[in-house]
Amino acid sequence: MNIFKTAIFRPVATTMVFMALMVFGIYSTINLPVDLFPEIDPPVITVVATYQGAGALEVEQNVTTQLEDQLSTINDLDEITSTSVDNMAIITLEFDWGSNLDEATNDIRDVISRTQPLLPDDVEDPVIYRFNASSIPVVTLAATAEENYPNLRQILDDQLVTPLNRIPGVGAVNIQGGPVREIQINIDPERMSAYAIDIGQISQALSNENVIIPAGDIEVGRQEYNVRIDTEFKSIDEIRQIVVKNTPQGGIVYVGDVAEVQDAVSDENRVSIVNGGRAITISVQKQNNANTVAVAREVLARIPALARTLPPDVEIRTVVDTSRYIINSVNNLSEVLIYAVVFVVLVVFIFLRKWRATFIVGLTIPFSLIAAFIYLSLTDNTLNLISLSSLSIALGMVVDDAIVVLENISTYIEKGTKPREAALYGTNEVGVAVVATTLTVVAVFLPLTFLTGMTGIWFGQLGAIVVVTIVVSTLAALTLIPMMSSQLFKEKSKEKKKRTFSRKLSGGVEKGLTWLDNGYKNLLGWALNHKLAVVITALVLFVGSLLLVPSVGTEFMPQADNARLMISIELPTGRNPQSAIPTIRKVESIFAQHVPELEIISSGVGSTAQGGGGGGITGGGSTSPNVIDITASLVPVSERERNVFEIAEVVREQLRDIPEAIQYSVSTQGGASAGPPVAINVIGNDLEQTAAVANSIVARLEQIQGVRNADISRGDPQPALQIDLDRDRLAPLGLNSGTVGQSIRNMIAGLTATEYREAGEEYDVVVRYAQPFRQSVEDIRRITVPTPDGNLVEIGSLGDIREIYTPPNIERTGRERSIQVTADLVGTPLNVVTEQIEAFIANDLDMPQGIEIEFGGDIEEQQEAFGDLFLLLGLSILLVYIVMAAQFESLKDPFIIMFSLPFAFTGVLLALVMTNTKLSVIAFVGGIILVGIVVKNAIVLVDYIQLLRGRGLPLFQAIVESGASRLRPVLMTTLTTLLAMFPLAISQGEGSETWKPMAIAVLGGLTFSTLITLVFVPVMYAIFHRKRKHKVSLLS
Amino acid sequence: MIVFNQALSEEIVELLDELEIRGFTKLNDLQGRGSNRGEPRMGTHTWPALNNAIMSVVTPDKAEKLNSRLNEMNKVSEEQGLKAFSWDVAVAVE
């Protein structure tokens, strides 16, 4: 009561308060960082342990299981999964949302130190990675070069990586691919055995002769001297001259006598090709709380200057720039928002046809939006797709209150009241109703902020923003609007016969609206006389719409076109990375011919051992040497006709013609959900059985239409040579499996004896058999190991060597072996696939004992999220009822109002089916927010019917009259909400896919429900109130 | 005694000033309804408006003027429902 009175009588103070809000808001807006989504910090911690030279099976048995067993005791652990690949164990620990990850990290550290003694000696210290959004590279660059290629890695390391690292906000800069300098000591085993030395002695000699030892200080007189020994290698030649052994005959054996010393590059583990040239990729990660867009902008701005300092043949290109998609999406959405504002203002103008009134109503828009920005900045959020879409959703509603208040004030002025009094009484009259409708909206949006997990992060922000904007808009409607009206409106007077054209136009619109009023009046009259027919029609419509349910497909999150294709091609196993190059060339030529939209294509094969936990974990590349991973970036959405999904189909079609590709997948992962939509875990200990089950599921998946890239997570077995040592033969020689194994490892994998230092850089000095002596099974048989008494024995005499096949990776879920079947979908809804697979598993699948099947990925996420959302929907409906019942002081009237709800859902179903949109979590939330929006119309209508009945009108007349008088405000508020959403629904730009379903759902639901509400709710009112005598509405 | 829609408050006080009537007693937020037509003024959601009333003791000639001016005002906007009653003052404490 007092708030608007104060506002009207103190216009300067009111203006200043809102000015202050504006200033603060603009300040917040300027400083608001831009991002794609709100900061999502998934509670995932990864532990990586490297065990060089071990196959997946050994890694699994010796490292993974040990770590898993110990790690599984940690508090708040939700799920533990692991992947064991050659050389590496990757254990992923998923915690409950909201658990303290710092504490968890400490616990993990403790567990790891406890487990260390149980692990094989060669396992390097396990490393803990906290997964967060910042581990996804912000910018990926590719460097190509001709003559400088051999040194490229070094050049980049010095001249690019270091300066980039200095940019504020840049976290890690990783170099992948390219040669790494290495000092190789390639032993000739024949000479070595001739001199009767072994590999251990050589490496011992090297490390003993490459030292700096500080020997203390001595004082000579007053001078203090530092005594030191420095025998560090100064040149490669020096290494050749290192003495390995003095022979009993007095001879000296130098390193150069038994081995060739080479300043070489290490065997390349990864081959990268970008736009046809050999390349090195550089991925730039941001620091944890740095802003993606800011970091990317800085990095890309530095590149041209840095590139000039590089040798002329080195070329730097941008492969992936994540900020571009973000900026385009945010710009696109901002545009949508501007259109929404224009539409809303236009609707208000058409209905009111007064510039001043339109201006006053329009004023609430900037203030409400600015309030949202202040909220974002206070809560350390970013300007992202969610906050902007939320604004778009709120936009149509923020003017509603202002419209209602303004309309009532104008009515008073029409009656001849002075503007100030009109403002006072006009606001007074509708103030409570305005607060009531706001409360229903709040009742729906506030629970969204209680959601947890992924959906919580998404819709929590939506809920908070809508609540903040709506509450501020209501405040503005109760203070700013009356104040402005009292100042700007003129008394009803001779404001006529001016500007003939605009008057004519205004008259035309007025005529149209009056016609609409009368038409509606007649319709209502007819409906009230044919109640049964109306009820039956409505019932048929609703039940009929339920029949549409089966034809609405579901998905978790809509897929977005982020202009990137990820292709993975599997070649026959057991090949080295180099042999994949011709295949890469073929793929490049496919793109050259069929995809003119291509901007840059970057391919890689093999893992990056040097990347320091690079490739496989950070999602940067394949881990097996026979899998090619390709990233193709396309030009922005606005510059091409085909979307990324269509292009992916074309590429898939073409890849079929590459004979050496055993399996390939073309994925277009974009949008919010990570990973392929279909993920089914087959859990069981027997590797072969699980593989068989998984493969039969894949076969079934492939029969389902629209399923793409169906695959199992375990790669094809890779050939391995297994040495079965005979203990009975080892023992008499004084050997054991451990020492023999270690020796063989040193000879094949090599032993890093020491580091060679040059110009501040360290290079590994690796001792091992020269290439020609480790090329065949025969060579391995001929490897000799020293016995304790100094003799040399050949491996061939100690055991058998046989060729076996080992799985390249072993995955485990919940400490049990598992295989994940994954697939992408094109057009086919997730629920269809889930149903078919469930039926297949239940009926046709021959399940061996001890095998379990679990749905993961989007299927699991969707089921959980939909469960949550159904609960939320129920909660919203209940809360809205509670708010209304309290306001109307009646249990019956809110119930009547609730009759508008089913038709909102009918509308949603119709809209989804008609636009062929799938029911995703996003569309579902659209349905929930409809609960708050839709009842508003019915509240306005029923409240006015009550009012008129209170004034003594008979039921029939009260309904018809109130219908006629409330039609305009109802249409106006509905149209503003609809038109604010409309640009969101038809937007084609980047990132639009994400929010489209919500806009479509709200548009459909609101349109349909409004049309039905206008007829059905009055009829229901008439039915419910036919017996009772009127009772004065107490909404005051 | 003048009973009028709240909305007319200012105008009436202005009128009193204009006629140099200094003394009055104003009663705010009164409920009521007209004898024949007149919308009820209940200050409720159904009948949101309220009346105010002003009591003023004036000399007969001023009362005459006031009455005629109030009549004019009422004619301009009849629906505002302006009423004035006058009676003799019996006892007064000055």
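Cβ coordinates are placed from backbone N, Cα and C, and glycine is handled just like the others.
Per TrEMBL, transmembrane segment is recorded for A:12-30, A:336-352, A:359-378, A:384-409, A:430-450, A:462-489, A:532-553, A:869-888, A:895-915, A:921-945, A:966-986, A:998-1024.
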Quick one: find which recorded stretch in A:869-888, A:921-945, A:966-986 has the most Cβ pairs under 8 Å with the transmembrane segment (A:895-915). A:921-945
Should anything in the same chain at least six residues away from the transmembrane segment (A:12-30) have a Cβ under 8 Å from its Cβ atoms, list it; otherwise answer none. 6, 366-367, 370-371, 373-374, 376-378, 476, 479-480, 483
Tertiary contacts of the transmembrane segment (A:921-945), as residues 6+ beyond its ends and Cβ separation under 8 Å: 393, 397, 400, 404, 433, 436-437, 440-445, 448, 455, 458-459, 462, 466, 556-558, 862, 865-866, 869, 872-873, 876-877, 880, 884, 888, 893, 896-901, 904-905, 908, 912, 958-959, 962-963, 965-966, 969-970, 973-974, 977, 994-995, 997-1002, 1005-1006, 1009-1010, 1013-1014, 1017-1018, 1021, 1033, 1035
For the transmembrane segment (A:430-450), the distant same-chain contacts (Cβ-Cβ under 8 Å, at least six residues beyond its ends) come to 1, 4, 397, 400-401, 404-405, 408, 456, 459-460, 462-464, 466-467, 470-471, 474, 477-478, 872, 875-876, 879-880, 882-884, 887, 925, 928-929, 931-933, 935-936, 939-940, 943, 1035-1036
